[in-house]
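Colleague: Once you've had a glance at the structure underneath, I'll fire off some questions.
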Amino acid sequence: MGLTNCCSHEELMSRLVDSVKEISGFSSSRGFIGKIQGDLVRRITLLSPFFEELIDVNVELKKDQITGFEAMRIALDSSLELFRSVNGGSKLFQLFDRDSLVEKFRDMTVEIEAALSQIPYEKIEVSEEVREQVQLLHFQFKRAKERWEESDLQLSHDLAMAENVMDPDPIILKRLSQELQLTTIDELKKESHAIHEYFLSYDGDPDDCFERMSSLLKNLVDFVTMESSDPDPSTGSRIVSRHRSPVIPEYFRCPISLELMKDPVIVSTGQTYERSSIQKWLDAGHKTCPKSQETLLHAGLTPNYVLKSLIALWCESNGIELPQNQGSCRTTKIGGSSSSDCDRTFVLSLLEKLANGTTEQQRAAAGELRLLAKRNVDNRVCIAEAGAIPLLVELLSSPDPRTQEHSVTALLNLSINEGNKGAIVDAGAITDIVEVLKNGSMEARENAAATLFSLSVIDENKVAIGAAGAIQALISLLEEGTRRGKKDAATAIFNLCIYQGNKSRAVKGGIVDPLTRLLKDAGGGMVDEALAILAILSTNQEGKTAIAEAESIPVLVEIIRTGSPRNRENAAAILWYLCIGNIERLNVAREVGADVALKELTENGTDRAKRKAASLLELIQQTEGVAVTTVP
């Protein structure tokens, strides 16, 4: 499938230069992934002279030559996304997910090598020195994708020992802390915040991985704390120290009370405090962070579940009774067992703030309910039974964007529970959610789309959501959103279009053109979703006509030729619906090589794809030489 030109020749080269420049800034080592990342960054950086010379000498490129550079743009954009994710994320999560991460780096190497293969650098007028450098780099990329490094066996062994041994050897913990570059309390604090962010952004159920990360982080905190308190400890002194009363790690103490935290919360500056201590500080009228003295942007308090879990693990391993706090929803998973005691009194106090609080209090309470509802099933039931849903629905109309965002996301998390879906709809939420989808912040729009998808699982809700104007708003998000937003919109649209009436709404709303554009953008990551929606729309007469008028047949044939098994099946099904009873479209399909692609599909496709391909081939053969008569 061909790539569409994203911009002019000069703009394209400038983008490539800018991408390489940004990528070159990621060259510093990042623990166990450092060498793999460093090698890829170094090779990409060496491409810069090639792109810069093409700008300087203003070489005119032919259309077929530009294709390779556009493929390179897509590859470098994907590489940038990977580098940002790796360098800003949790090191422990990357350690546990290292095989997948290494595979992603390998995929990037393969993608860049494929792009270089499409660039005819031997025929482009650049200096001999630059041409030879590109040729050498191309060879290096080819060799790199064929000779990929295996996993670090020492690292795997150390991780297994640290996870499965009750009292890990300090030598192993030292190796791990050095490998992960978590050798100081400050670095461990940053890692704790990174795990916290990972937990908040994770779409699925993170508990198992979260528990493993928390347990290992706790061991590293113990080790680094012991190391820093005794710069040169002998083996004997370490053994003795383990029989003394455990020293509470500084990071577990509240900066205000200096006591072990029971209910750690994060303020807007990023500092963590014991809830009761910081609440007293705020109630006294203070507007600054006690530790940093920075002005607080708001009075909201976000539970630090990562730190709370670490404190629980530390108390358990040191034989200390776990501190109990009053008035909070507690969900703690220790040693593989999960306990959840959602404190109704605490939830009711949050609902009081939703109903009668200031804007800041409403924002903070909605944010806390959002997190609690995400945590587990029991919390979702507790929050709904306490009467939160109507109050959250009311706040969907809040003029404060952050409150609106928290409210729609809290409803999304509550809707995961099947029993809550009906309560959300009964509270009149659909119209307000659609309004957020139209006019909210980008994150609020994305979560509104996800909420509508969740609610649309119930068939009668599909009708109500479509009637409320959601389809047009979802199409806008499909065109304007981030990659995640596009996927949320596409998933919701697909589910809604199972209802026949919503197919017409989607077609009249102009969905076919953006879907066709997504089909043509191989690097956009939305081909699967676009095909799935088109497949369901092609069973509708209006949809069939609109898809054909969008000149989609050549694109569909290309997907049948080169796509994944599932995409080839969907493309064949769409083409079958378009061509049945329409000789003109059959002729177009034949002209772009459909017969060859379909013949191959009858041999190597899925069962459904084989049936559609065989039927289409028969139609094409029957209509050869027949005069064109159009049937809509």
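Cβ atoms here come from the backbone N, Cα and C positions, even for glycine.
Residues or ranges marked as domain 'U-box' in Swiss-Prot: 247-321. Summarising the annotation, Swiss-Prot assigns repeat 'ARM 1' to 377-416. According to Swiss-Prot, the repeat 'ARM 2' annotation covers 418-457. Marked as repeat 'ARM 3' by Swiss-Prot: 459-498. The feature repeat 'ARM 4' is assigned by Swiss-Prot to 500-539. Sequence annotations record features per position, and here Swiss-Prot assigns repeat 'ARM 5' to 541-580. According to Swiss-Prot, the feature site 'Putative E2 binding site' maps to I256, W281, P290.
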Colleague: To see if you understand the setup: which same-chain residues, six or more apart in sequence, place their Cβ under 8 Å from that of I256 (site 'Putative E2 binding site')?
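Modeller: Within the chain, I256 (site 'Putative E2 binding site') has Cβ neighbours under 8 Å at Y273, E274, S277, I278, W281, P290.
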Colleague: With DSSP helix as H/G/I and strand as E/B, how many residues of the repeat 'ARM 5' (541-580) fall in helix, strand and coil?
Modeller: 34 helix, 0 strand, 6 coil
Colleague: Quick one: what's DSSP say for W281 (site 'Putative E2 binding site'), helix, strand or coil?
Modeller: helix
Colleague: Note down the number of other Cβ atoms within 10 Å of the Cβ of P290 (site 'Putative E2 binding site'), including every protein chain shown.
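Modeller: Result for P290 (site 'Putative E2 binding site'): 17 neighbouring Cβ atoms inside 10 Å.
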Colleague: Hey, what's the Cβ neighbour count for W281 (site 'Putative E2 binding site') at 10 Å?
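Modeller: W281 (site 'Putative E2 binding site'): 17 neighbouring Cβ atoms within 10 Å.
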Colleague: Given the model, what does the mean pLDDT over the repeat 'ARM 1' (377-416) come out as?
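Modeller: Here the mean pLDDT over the repeat 'ARM 1' (377-416) amounts to 93.
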Colleague: On the DSSP side of things, how many residues of the repeat 'ARM 2' (418-457) fall into helix, strand and coil, could you say?
Modeller: 34 helix, 0 strand, 6 coil
Colleague: I want to verify one value. Collapsing DSSP to three states, which class is I256 (site 'Putative E2 binding site')?
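Modeller: Assignment for I256 (site 'Putative E2 binding site') reads coil.
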